[in-house]
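**Q** A single structure is presented below for examination.
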Amino acid sequence: MKLLSPAQTRALDQATSEVQGSTSLELMERAATAVFDWLLTELQPAYTTPIHLFCGPGNNGGDGLALARLLHGAGYAVHVWLLPADRHSADFAANHHQLPREINCQELDAARLPDLPADAVVVDALFGAGLNRPLTGLAAAVVAHLNTADALIVAVDIPSGLLADAAQEPDNPVVRAQYTVSFELPKLAFLLPQNAGFVGEWYVLPIGLAAEVIHKTPVDNYFVDAAFMQGRLPARTRFSHKGTFGHALLLTGSRGKLGAAVLASKACLRGGVGLLTVQVPAVGYDVLQISVPEAMTLTDSATDFVTELPDLKPYAAVGIGPGLGQENATCEALRQLLKTARVPLVLDADALNLLGANRELLALLPPDSLLTPHPKEFERLTGEPARDDYHRLEQLRTFARRHSCYCVLKGAYTALATPEGTTYFNSTGNPGMATGGSGDVLTGLLLALRADKRLSTLDAALLGLYAHGRAGDLAARETGEAGLVAGDLVRFIGPALRELTALPRRL
Ligand SMILES: NC(=O)C1=CN([C@@H]2O[C@H](COP(=O)(O)OP(=O)(O)OC[C@H]3O[C@@H](n4cnc5c(N)ncnc54)[C@H](O)[C@@H]3O)[C@@H](O)[C@H]2O)[C@@H](O)CC1
Ligand SMILES: [K+]
């Protein structure tokens, strides 16, 4: 799915009306009906549940008024609170006019803000995508009031006070919703950790906006869902052989961190690699041979850490990082790898820390390398702490452009920035995956996909991130989130990839 800017969203609304020959008021009715259906299905309020709708002066408020009418018509106990304003949008006015007289509808007054019992549902329809400055005055007081109430808050389109695609000062008033119900496409704001406390659990409801217009709208950001992944992983043909899926080399492990080497190796094999050779320090020989018999093991001349590169000729892709440690001699091996490798690279963990500590090495990164830092590793790579999540995203884009690489930023909605400046946000995964070794599994899986000669760098990266999260979701069904360990992810890579595999064409 595409992530549109507020201006593009407005343009899409208008274009939809033109293409479909409908009015913006009809579109608003569709939006309100979608929220109405969602509320009844997901929240299942009792007829006695007090539902308080807080409506602003624009179309977000118009959505709230239309929703109040629908709820009232279905027999629910609604109460409408209006934010006084000099001007109202035309569709707000139309819905205000249509509001049945029996509905209790009052203007908000700073001196007498309404009591909101704990069993009430609050609908936040104060401001939506039209917000262009921080809330002040009465609107700010209402937001503060809602945030102290125990009632359940559902934000329409976006929590009021939150900007759809830009940062705001930490003390700006923003509604803290339990649920955010948005239309057609998600917003960038929903994907960033700093907004989680405002957005809560979010839903995107289809309201039939013009697909052909969305298709033509150029964007920088994508949300990677199942539909987006369709067709990216070709099925294996009967005559495929080991060479098709490549021979991967993994440089990994140091004394006490061979578990990382084992996890990454197993993930690479489960990721479908044709052949895997693992180079570990001498101390890791038995460990690897016994734990991962499917892989070939090369040992370094050093006992405790990796210091050398084997001949790189046989390999289709090289991965480096899991459990590597940060010895100087390891750094030299990394330098050699960057200088000599002519095949796709995947760099993770200590390989990234070494790059961060020796930033002159970044100039040696071969184009199209894939880096998989988490925020702390990314900060070491840039050397500049991010002001907030939006700034960090900007840094990620700049980094990928500057170094012509694909750079991941691991997190709840892991981001992938491409050298062309596009960012993809992964949709799979769960908090159970915040556990040691999870990243090593990702590295191994990505390495397998990069060794697969059928896949572009972008598809390999998207498939790896999506399948990794999906493996976590499948594993958590069995283990629960707390009980999930990285080894469980390895077990579910196969099923996750199977779900993604394109079915052969049929007539
Ligand atoms: N995206 C879609 O496809 C659809 C959107 N609709 C709704 O329309 C909304 C956007 O409507 P609008 O563009 O009218 O915008 P809003 O309803 O978000 O509010 C805009 C109004 O608030 C004023 N305003 C902006 N910032 C303010 C501030 N800090 N303090 C006080 N006033 C402020 C503006 O001058 C304007 O009058 C969406 O969020 C959504 O709820 C739906 O009705 C129909 C479909
Ligand atoms: K809102």
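Glycine too: its Cβ is placed from the backbone N, Cα and C atoms.
Keep in mind that this is a model prediction, so the values were computed, not measured.
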**Q** Among G432, G436, G437, G439, find me the residue TrEMBL lists at the same AMP site as K410, G411, A412, Y413, T414.
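**A** TrEMBL names G439 for this AMP site.
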**Q** Which one, N59, N60, N328, N353, is listed by TrEMBL in the same K(+) site as D124, S160?
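**A** K(+) site check in TrEMBL: besides D124, S160, the record includes N60 out of N59, N60, N328, N353.
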**Q** Between the binding-site residues N60, S160, K410, G411, G439, which lies closest to H374 ((6S)-NADPHX binding site), Cα to Cα?
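**A** Given the candidates N60, S160, K410, G411, G439, the nearest one is K410.
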**Q** List which of the binding-site residues A129, D157, A412, Y413, G439 have their Cα within 10 Å of the Cα of N60 (K(+) binding site), in sequence order.
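**A** Neighbours among binding-site residues, in sequence order: A129, D157.
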**Q** In Å, rounded, how far does the Cα of G411 (AMP binding site) sit from the Cα of G62 ((6S)-NADPHX binding site)?
**A** 36
**Q** Among the binding-site residues G62, A129, A412, report those whose Cα falls within 10 Å of that of S160 (K(+) binding site); none is a fine answer.
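**A** Hits: A129.
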**Q** Hey, does DSSP put D157 ((6S)-NADPHX binding site) in a helix, a strand, or just coil?
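**A** Where D157 ((6S)-NADPHX binding site) sits, the three-state DSSP reduction gives coil.
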